[in-house]
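Participant: My questions all concern the structure below.
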Amino acid sequence: MSQPIKMAYLYEDLMNTYGDSGDVKILRYLLNNQGYQVQVDNISLNDEFDTNEYDFVFFGGGQDFEQSIVAKDLQRHRETLQDYIEAGKPMLAICGGYQLLGDYYRMSDGTTIDGLGILPLHTIFKADSRMIGNTHVKTPWGDIRAFENHSGRTYFDEGSDLKPLGEVIEGYGNNPEDKQEGLHYKNTIGSYSHGPILRNDNIAEAIAKMIIENHQARVQALEK
Ligand code: GLN
């Protein structure tokens, strides 16, 4: 029997806001339609995690309280996730998950939690202006429409050459100033788009393709 496509869902029980788990369901549906079996593992607090066993990593959004718990546990996986991302394997991180890929997140109570520090970006909570509403973003795969709800403002570090996922037509995206939404680095996508984001066929199909390619490479390596 052929090997299933394996997805790691990071902290599914703690990080899942505004329909983010729909992203995993949509990918499962698209991959099933192409004849692939899909296995989704919830990687939560204290679990072992070796990214070499996975074809895709998903990290959803979360509120500050959950984020602060997750951020501590997540540090155990810093190296394996960094290797995974740098190797160009596919990952989708939404809102709170996206924030934790960066250097730090300064939360609502003023405390700062460490992110993974894999991507040169940081996030600062601004209490007086929550960014909430529908979004319309122009990406290289076409336009996407989604929903955002966050107080964290994400900024790429000074001098970094990070690229956003797209350009904001409606809504806020990373912060109110830059008119940029999310991030796209190798095959890692970070985004503030809930709703879920993958209800947009263009980006869902692009990610499904990345997953299949990564799966084929992983299975080939196993067979050697
Ligand atoms: N707690 C973060 C913020 O408010 C993320 C929210 C989310 O993931 N939905 O910015």
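Just so you know, glycine gets a Cβ as well, placed from its N, Cα and C.
Curation plays no part in TrEMBL annotations; they are all automatic predictions.
Quantities reported herein were computed from a predicted structural model and do not represent experimental measurements.
From TrEMBL, here are the annotated features:
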{"type": "ACT_SITE", "residues": "C95", "note": "active site, nucleophile"}
{"type": "ACT_SITE", "residues": "H194", "note": "active site"}
{"type": "BINDING", "residues": "R130", "note": "substrate binding site"}
{"type": "DOMAIN", "residues": "7-200", "note": "domain 'CobB/CobQ-like glutamine amidotransferase'"}
Participant: Please determine which of the recorded positions listed here (R130, H194) has the lowest count of neighbouring CB atoms within 10 Å.
Facilitator: R130
Participant: How big is the gap, in Å, between the Cα of R130 (substrate binding site) and that of H194 (active site), rounded to a whole number?
Facilitator: 15
Participant: Over the domain 'CobB/CobQ-like glutamine amidotransferase' (7-200), what does the predicted model average in pLDDT?
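Facilitator: Looking only at the domain 'CobB/CobQ-like glutamine amidotransferase' (7-200), pLDDT averages out to 96.
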Participant: Under 8 Å Cβ to Cβ from the residue listed as 'active site, nucleophile', same chain, six or more residues apart: give me those in sequence order, or none if nothing qualifies.
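Facilitator: Result: T17, D20, G60, G61, G62, E148, N149, H150, G152, S191, Y192, H194.
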Participant: Listed recorded positions are C95, R130, H194; which sit with C-beta under 6 angstroms of ligand 1?
Facilitator: C95
Participant: On the three-state reduction of DSSP, what should I expect for C95 (active site, nucleophile)?
Facilitator: coil
